[in-house]
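Colleague: For reference, the structure I am asking about is given below.
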Amino acid sequence: MLTDGSYFHLHLVSDSTGETLITVSRAVTAQYANVTPVEHVYPLVRSQKQLDRVLQEIEEAPGIVLFTLLETELVNRLEAKCQEINSPSLSIIGPVMQLFEAYLGASTMGRVGAQHTLNAEYFQRIDALNYSMMHDDGQHVEGLEEADVVLVGVSRTSKTPTSIYLANRGIRTANVPLVAGIPIPHQLETLKKPLVVSLHASPERLIQVRQNRLLSLGAGSGNDSYIDRQAVTDEVLLARKLSAKYGWSLLDVTRRSIEETAAAIMKLLADRQRQRVPE
């Protein structure tokens, strides 16, 4: 058993980019704050010769071995070596593929790196990212009608990171700040195609986030209205009034992570699209 402050070797073996392994392993290791994984990433392992080098490194630094390999011979050799040196190993996609095969009654194509094929979905994500970056923070409002989603909200309601997250899912997302004393762009008043979502947070949460932002910028508390409780409360109320006036969807992000906010927006978008499908 590892003690606090110790480390362990984590070997990630993939016949593709290794991104899947990295994402999964880091999600798990984040739950163990007191031990440190030493990552060894081996991408594009597709031959016996390439695997030989990997096995040598695993033998020199035994630890947990996670892999995404489709070639049966490579899998068998890797698992045999791990068993020989008493290193636990696990196929990340194997159990998932078995579940799919059992349910669908069909075997896989066994295409290495198939999840990274440059298909229509990939180019859709690139297009969405380009659009979202061009339409961040109220820029190019004349193109808002081309969005799938338009996010509005007062300062520090996570509009930009949520936009980028959604864009990574292929959703064209623009965001427009709601600023006290400044009229909203008239384009927001007449949108037909996009889903407009108004992001809200409690005044307490906004003040906390804004104070941290000012400190990170070394700005101190000189901008009193930015963190003044009454001023912030007025901002929140104004945003709610605008949302009610224009029929925007309301989403409270006070206790939501970016991922949770994006998931809620994607559900709103899916529900809206279902309602528009003629029966």
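Just so you know, glycine gets a Cβ as well, placed from its N, Cα and C.
Below are the features I grabbed from Swiss-Prot:
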- Gly153, Val154, Ser155, Arg156, Thr157, Ser158, Lys159, Thr160: ADP binding site (BINDING)
Colleague: Within 10 Å of its Cβ, which one of these binding-site residues (Ser158, Thr160) has the largest number of other Cβ atoms?
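Modeller: Output for this query is Ser158.
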Colleague: Give me the sequence-ordered set of same-chain residues, not including Gly153, Val154, Ser155, Arg156, Thr157, Ser158, Lys159, Thr160, with a C-beta within 8 angstroms of the centroid of the ADP site's C-beta atoms.
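Modeller: In sequence order, the nearby non-listed residues are Asn175, Pro177, Leu199, Ala201.
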Colleague: Give the three-state DSSP assignment (helix, strand or coil) for Gly153 (ADP binding site).
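Modeller: It is in a strand.
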Colleague: In three-state terms from DSSP, label Ser158 (ADP binding site) for me.
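Modeller: DSSP assigns Ser158 (ADP binding site) to coil.
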Colleague: When the number of other CB atoms within 10 A of each residue's CB is tallied over all shown chains, which of the binding-site residues Arg156, Lys159 has the maximum?
Modeller: Lys159
Colleague: Out of Ser155, Thr157, which of these binding-site residues shows the lowest number of other CB atoms within 10 Å of its CB?
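Modeller: Looking at the binding-site residues Ser155, Thr157, the Cβ with the fewest others within 10 Å is that of Ser155.
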Colleague: Who sits close to Gly153 (ADP binding site): which same-chain residues at least 6 apart have their Cβ under 8 Å from its Cβ?
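Modeller: Result: Lys159, Asn175, Pro177, Leu178, Ser198, Leu199, His200, Ala239.
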Colleague: Cβ distance under 8 Å to Val154 (ADP binding site), same chain, sequence separation 6 or more: which residues?
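Modeller: The answer is Pro177, Leu178, Val179, Leu206, Val232, Glu235, Val236, Ala239.
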